[in-house]
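One structure is given here, and the rest of the page talks about it.
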């Protein structure tokens, strides 16, 4: 009789594929209009890239440019063997016009090597009759080749043919910078502290250093940069090994969560309660120690605002306040654990269920690599377009004067005829130097607009890639939840199927949610840009309003990310459009707001704990290795300049690796939680409508009438 009833029940129950169709919706294209707009934007983005590629020239970034707009070191040009930029008069770079025009008001030419000795034009004229080799060496730093130094110093200054002095220099960032060194704590250049500048003045190395810093503020980082590069060259394989170990630890942690998620949570809570209890005891002890101390009975209002914070810790009121706050916090945590213990058990069960799901669909742990590839493509394309747009146009030359007091300062000019114009006569010493690349065509006029469009579409694509990953993972984990018999009834290739379904049917919905988020982010970027460029012109009220706007947009972005994430889960489950999915997800979460709050906190804590454990373990091992504190076990690198360089690299890299693994885990738990809430609302645990949750979740709920559906 029972066998007959079982056969009848099996015939009444739907097949696994029918269950998937029932609970995961019928698929059709959603948000088609937004999909069309998104595709058109991508087409426009590609066209913009082609236009930028036609008009731009990245060589303008790769190669230094002399005062005539010619590239240094470009093949097929007279400067092919002249790869270094040389400044005629580096002292003129202290002019205020450097900050305004971002150009040093001195002639700049391409040379094959930097000067290696002190020489002035006046010295060359005196020594030319006895030794012509000095002039041969000196003339390579002139604009044109001269047979002999026949011109007077005044004429050289007017014609700007040669530098009036050269100093020992070394190439840095393809530019000649003085060869600074420190001797007995004194800054020197070429082992000299003072030298002639060629105009009859005696200069010191500090003045030259100030001029060089105006040209390149990262001159001080030259030595540090070289040492950091050496450290990376020495430790790259140790860094790679650390990242591999971080990946293995992350994998192990995800597996262990299946068994010890509850243990980890309760150990943490006991630790928190213990730490707060210790704080209460310490505050009470300090309060008792201050009994009878002079002035300890005073209040904060009595002493007012003090710059010495330690004065507040000499008051009994301070320690009493701390003790009360900690006591309230302790009581709050204990009460939350008592009254929410069942919901916490559900959250822990969800964590364990998430580990099972990832164990059955291990390909999901590889998906972060695909997301990384997509994001790398988007970032690279955006950066390339930005460079090509920035280097679009023809060379533009502007008038630059050393003192910056000419009325024609910063006006455009033609270097070929500049010396014959009225500007050269009205402004003695003025030069027509290369400033930037630009133009007057329609394309060049809209380059700033194109840059904004480039940034906006970049943000849109970045958010779309993240949304695509969330939707694909949600679809894979939802197919796990609604499987009748796990893992037998899980569809084949669930991640691949969910990814294809998201691309085929829900590109418009994912683009819609990404568009909202990108719009908020572009507003935040604009606010940040205005804040940095108008900081000095702002008053306190405007600063306060701008701070409020930043805070509001940050909160808005956080809320939208949360809503989008749950909307993508609903899209993956039911296949509805973005607005309906977002509304249903929001209503579902609001009907279970207490469960949501508890589940989010528990899940976030466990995942943060996992990241800290992985990063901390790898960080400690790397610290011991790079500081040579494990010589008896393993011999690490012994010639590091800065051990913190590879150490920070390993720590940050380990955190990113762990974050990639646990982001999949977080998406798994969120999806199972949404499915769990849907299961609770759509089914009642009866024979006709049994729950689809696993036996472990069902057992946690502790209701005798609940049954899971079996095939």
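Counting starts with 1 at the first residue shown.
Just so it is clear, glycine is given a Cβ too, placed from its N, Cα and C backbone atoms.
Per TrEMBL, transmembrane segment is recorded for 32-54 (among others).
Here TrEMBL flags 236-256 (among others) as transmembrane segment.
If you look at the transmembrane segment (263-281), the same-chain residues 6 or more away from its ends with a CB under 8 A from one of its CBs are 257, 322-323, 326-327, 329-330, 333-334, 337, 344, 348, 602, 605-606, 609. Here TrEMBL flags 263-281 (among others) as transmembrane segment.
The transmembrane segment annotation in TrEMBL covers 319-340 (among others).
Counting only same-chain residues 6+ beyond the ends of the transmembrane segment (360-389), those with a CB under 8 A from a CB of the stretch are 48-49, 52-53, 55-58, 61, 251, 254, 447, 450-451, 454-455, 458, 461-462, 465-466, 468-469, 472-473, 476-477, 480, 486-487, 490, 494-496, 660-661, 663-664, 668. The transmembrane segment annotation in TrEMBL covers 360-389 (among others).
A Cβ distance under 8 Å defines the sequence-distant neighbours of the transmembrane segment (457-484), meaning residues of its chain 6+ beyond its ends; these are 13, 16, 19-20, 23-24, 38, 41-42, 44-45, 354, 357, 360-361, 364, 367-368, 370-371, 374-375, 378-379, 381-382, 490-491, 494-495, 497-499, 501-503, 506, 510-511, 513-515, 517-518, 521-522, 564-565, 568-569, 571-573, 664, 667-668, 670-672, 675-676, 679, 692-693, 709-711. The annotation transmembrane segment is assigned in TrEMBL to 457-484 (among others).
Look at TrEMBL and you will find 505-527 (among others) tagged as transmembrane segment.
Taking Cβ pairs closer than 8 Å, the transmembrane segment (605-626) reaches residues 235, 238, 242, 245-246, 249-250, 253-254, 257, 261, 264-265, 268, 351, 634, 636-637, 640, 643, 646-647, 650-651, 654-655, 657-659, 662, 665-666 in its own chain, all 6 or more past its ends. Feature annotation from TrEMBL assigns transmembrane segment to 605-626 (among others).
Look at TrEMBL and you will find 647-667 (among others) tagged as transmembrane segment. Cβ atoms under 8 Å from those of the transmembrane segment (647-667) belong to residues 232, 238-239, 242-243, 246-247, 249-251, 253-254, 257, 354-355, 358, 364-365, 367-369, 372, 470, 473-474, 477, 603, 607, 610-611, 614-615, 618-619, 622-623, 626 of the same chain, restricted to positions at least 6 beyond its ends.
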Leading contact stretch, 236-256, 319-340, 505-527 vs the transmembrane segment (32-54) - CB distance under 8 Å:
505-527
Distal contacts, the transmembrane segment (505-527) - CB-CB under 8 A, six or more residues away:
27-38, 455-456, 459-464, 466-468, 471, 546, 549-550, 553-554, 556-557, 560-561, 564, 567-568, 571-572, 575, 577-579, 581-582
Any residues 6+ beyond the ends of the transmembrane segment (236-256) with a Cβ under 8 Å from its own?
355, 358-359, 365, 610, 613-615, 617-618, 621-622, 625-626, 636-637, 646, 649-650, 653-654, 657-658, 660-662, 665
